[in-house]
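Asks: Got these off TrEMBL a minute ago, pasting:
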REGION    32-64  region 'Disordered'
REGION    78-111  region 'Disordered'
COMPBIAS  88-98  compositional bias 'Basic and acidic residues'
TRANSMEM  124-144  transmembrane segment
DOMAIN    130-284  domain 'EamA'
TRANSMEM  156-178  transmembrane segment
TRANSMEM  212-230  transmembrane segment
TRANSMEM  242-261  transmembrane segment
TRANSMEM  267-286  transmembrane segment
TRANSMEM  293-314  transmembrane segment
TRANSMEM  326-350  transmembrane segment
TRANSMEM  362-381  transmembrane segment
TRANSMEM  387-407  transmembrane segment
TRANSMEM  414-436  transmembrane segment
Amino acid sequence: MDVKAAPNGVATIEDRILRITGYYGYYPGYSSQKSTTRSSVTRCKPGPNCPSSHSSISRQLSPLSVTEDSSAPILELQSRGSSGVCGRRVERQSRSGDDGTQTHPESSSQENGLKARCLSCTSMVLKTIWGLLIILSVSSSWVGTTQIVKITYKNFYCPFFMTWFSTNWNIMFFPVYYSGHLATAQEKQSPIKKFRECSRIFGEDGLTLKLFLKRTAPFSILWTLTNYLYLLALKKLTATDVSALFCCNKAFVFLLSWIVLKDRFMGVRIVAAIMAITGIVMMAYADNFHADSIIGVAFAVGSASTSALYKVLFKMFLGSANFGEAAHFVSTLGFFNLIFISFTPIILYFTKVEHWSSFAALPWGCLCGMAGLWLAFNILVNVGVVLTYPILISIGTVLSVPGNAAVDLLKQEVIFNVVRLAATIIICIGFLLMLLPEEWDEITLRFINSLKEKKSEEHVEDLTDVSVHLRSRSRVNGTVSIPLA
């Protein structure tokens, strides 16, 4: 077996050894060609500026292209290695890209969560602000209505005519609602279309003549009785007493709902109803059961009772209503009052039960002011349910009691003795107890348990802080503390 000589004339033993051992990819003159190949190859770091793998390999191994076929596996291995490295790099880049795309949904979800929290906080703040404004508006309108009635009675005492006149103003409820719809809604509707949409409170067929007489008549009568008895009570009692007694309607609503609608029994509301009845008796006793006082208390309690019956029957036959349906219903009551109840003040006029000299002598300013504030009160009560929490509307109603008391004190029309003051406070407390939700006991227990858990956690943290402090002191003093358990 001949051995080729190297270019320098020295036989290479390396070629011999490689051939004997069967080195994969051996060819004659391998050692001599390897030195020239190393000198001709220029290596570069992989990157965008580095030439492609196949082109670099062909340039590096181009002198070997005319050699034996055993050089082909070397080319294949080197190309596979380079392609494997490039594949790994591409795979890493794709993985990093995938990781980047996976992090985007997490960050976007966090941003959405923050936006949702900000929106909820903003809506809560807006509801609270609207609630405070509605509370002030409701209480002010009710106090203003009551005080204007007292002023009107000085020169003009026709309570049923005043009731009929103010109820006719309910016709403007739906136009006010439709004006708000035009100002705020993005998709405007025609008045007839909106009227038909809101008339679904009477049923799927809308408002028919039969339903108009069947459903509107009893509610219109109860509405008129409520307002008429309230005005009669204001003639016998002060505005503070009447407004306090009218707050008993919440207790009557609960009792009627429990009996008629089979609502859930709640002990706290029974206590509130008992407090309301106690306040009524004490209010009558405040003037030593004087005749006018007893009659005035009876009128005020009757007004609260008819108001409670109106609300219970509304819930029974018509269910819940949105703002548009409530506006439609109240306007319908105004139309019914104008058409069918107008004969009553005419009869009272000719029988001289409620008589006035001429229409020019009527106190139109006070009458319009009373009717306008009464309409504003009804609108605010229904708008407040949409804009804020319903409980704030009830708080605005009960705040009319101290409002009327302040006005009566300024006008020096009332002298508060201990019994009257205690009766007013008891009725107001009973009214506030009626505002408690049905799950108030569970909510209270959860709140107490959460407070207990917080106190126990704080106690454990204090104990751990004290133990750590004692251990550090013992280590400083050179002693070791041994735990007992």
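Each residue, glycine too, has its Cβ placed from N, Cα and C.
Keep in mind that TrEMBL annotations are predicted by a computer and have not been checked by a curator.
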Asks: Of the stretches 156-178, 293-314, 326-350, 362-381, 414-436, which racks up the most C-beta pairs under 8 Å with the transmembrane segment (267-286)?
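Replies: The stretch with the most contacts is 414-436.
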Asks: Where else in the chain does the transmembrane segment (156-178) make close Cβ contacts, counting only residues six or more beyond its ends and a cut-off under 8 Å?
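Replies: Tertiary neighbours of the transmembrane segment (156-178) are 149, 191, 194-195, 198, 223-224, 227-228, 231-232, 235, 323-324, 327-328, 330-331, 333-335, 337-338, 341-342, 344-345, 348-349, 354-356, 362-363, 366-367, 370-372, 374-375, 378-379.
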Asks: At a C-beta cut-off of under 8 Å, are there same-chain residues at least 6 beyond the transmembrane segment (362-381) that contact it? List them, or none.
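Replies: Tertiary neighbours of the transmembrane segment (362-381) are 134, 137-138, 141-142, 144-145, 148-149, 151-152, 155-156, 162, 165-166, 168-170, 172-173, 176, 227, 330, 356, 393.
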